[in-house]
Amino acid sequence: MMRPRLKQAGWIAALALLGLASSQSDPLKAAVATGGAQYAQVILDQDEGQRLCTQYQSQLPGELIPKFIEAQKALIRYPANGKLLGDWQNGEKVFTDPKRGNCYACHQGDPKQLAYGTMGPSLANYGARGTSEPILRYTYEKIYNSWAFVPCSLMYRGGVHGLFTPEETADLVAFLVDANSPLNRR
Amino acid sequence: MRWTGLALLLLSLLGVLAQSVPEDPRDEAKRQKQLLLQTSGILPSDLIVEQGKDLFYTKRGPRGVSLEGCDFGLGAGVLQGASVQLPRYFADTGKVEDLDSRIRTCMTQLQGFKPEEVKRSEVVPLAFFIAAQSDGLPIQVRIAAPAEREMYELGQKLFYARSGARDMGCATCHVSYVNRRSGVLPFSDVLGKDASMSHWPAYRYSNDQAWTMEDRIRACYGNLGHPQPDFYSPVPIALQLFMAYQANQAKAELPGFLR
């Protein structure tokens, strides 16, 4: 029974570092290569934000919030052409696609679409806020990296993780704000 | 593979509004259980328990012995009250084990099966049978041995961990968004009111599925597009020890019967 015991000890040593602000990795990777390597890899590859949200169980102490938000803002990338307002029709595809936005899992969107989750606020009629530069910028940055506004939010950072590109983020913005988008049609 | 979970999650949403405001899933499950008992006289979960009982008492494996010699923590062959005290530390393996891993340990060490010969299709019914012997008893796990403490702490970290491309973890839904839903069912209050560890292993009548908590945990990760932890690895065991400790004193309903 010697080997399984060591194996378990290795896992514990490796995973015990979870949520601690340390990222030395090579001995860890070796230790977890024994089993569940893929799972362990994802856990051990936590970025700084995930590590902090883990450590504080998603309730960051107030004094850490300004730095956290600053660090998350710095992760936001913008479309090469600088346009934050893209094509709403493509935005709808990204919004619906389970591999990309998967936004319906948490939000109401097109009111005709009856299957949606209730974890996030309804986005129906989001366009009532208009299309001013500050609204476009907020919407773009929120979708690209929601943690730049609400640290450790349930809403994942789709842009940061490359689930959609900056251009697709601009398309999502259009789906939310464009007057012709089904989100805003009456 | 990674995305099928999410696709399913989304697909499962399609059923939502057809039913308008759904009744509390706990009440619905109780009603279904009654209905099934009345119409067929036996629950599908009872049949799985029976199957497990056969597997338990039959002399099997290269050594041709039953599992009666297996110690689930209260002594060889003592089943009543055993599963509500799991996971726990076992001196003979030097490991903290849950029900699944202990069954596997006995199938390999006692019956002589090779680890790769231990099939889920046998472990699950065995787990149902053994768990059923603790029906109605309070959950009673302890954190005493150093290995148990380590596992508990690991489980707690993993439960609250945020990881992967979806920045998620168990607590994001099962603590912060209890009663909200992403699919048809609202998220259960795993650590609180639902004391989830008190009703697993469980039978789910909506898709005729018999699962242990290890299956359940792996499926949760799958739904998040997160690689799944291996069966019998410390990850599902640690998560269970953490959850079971929060559920201490909750009355076990075993096997569980869920939507």
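Note that Cβ sites are derived from N, Cα and C of the backbone, with glycine treated the same way.
All TrEMBL annotations are machine predictions without curation.
Quantities reported herein were computed from a predicted structural model and do not represent experimental measurements.
What TrEMBL lists as signal peptide is B:1-18.
Summarising the annotation, TrEMBL assigns domain 'Cytochrome c' to B:51-139. Residue counts for the domain 'Cytochrome c' (B:51-139) under DSSP, split into helix (H, G, I), strand (E, B) and coil, are 40 helix, 11 strand, 38 coil.
Mapped onto three states, the DSSP output places B:Cys170 (heme c 2 binding site) in helix. Listed in sequence order, B:Leu158, B:Phe159, B:Tyr160, B:Ala161, B:Val190, B:Cys220, B:Leu239 are the same-chain residues at least 6 apart in sequence whose CB falls under 8 Å from the CB of B:Cys170 (heme c 2 binding site). What TrEMBL records for B:Cys170, B:Cys173, B:His174, B:Cys220 is heme c 2 binding site.
Among the features that TrEMBL reports, substrate binding site is placed at B:Arg216. Every protein chain shown contributes to the tally, and the Cβ of B:Arg216 (substrate binding site) ends up with 19 other Cβ atoms within 10 Å. In the three-state DSSP scheme, B:Arg216 (substrate binding site) falls into the helix class.
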Mean predicted confidence [pLDDT] for the domain 'Cytochrome c' (B:51-139): 97
Separation of alpha carbons, B:Arg216 (substrate binding site) and B:His174 (heme c 2 binding site) (Å): 13
C-alpha spacing of B:Cys173 (heme c 2 binding site) relative to B:Arg216 (substrate binding site), in angstrom: 14
Output field, heme c 2 shell: CB within 8 Å of site CB centroid, site B:Cys170, B:Cys173, B:His174, B:Cys220 dropped: B:Gly169, B:Ala171, B:Thr172, B:Val175, B:Phe187, B:Val190
Residue among the binding-site residues B:Cys173, B:Cys220 whose Cβ has the most other Cβ atoms within 10 Å: B:Cys173
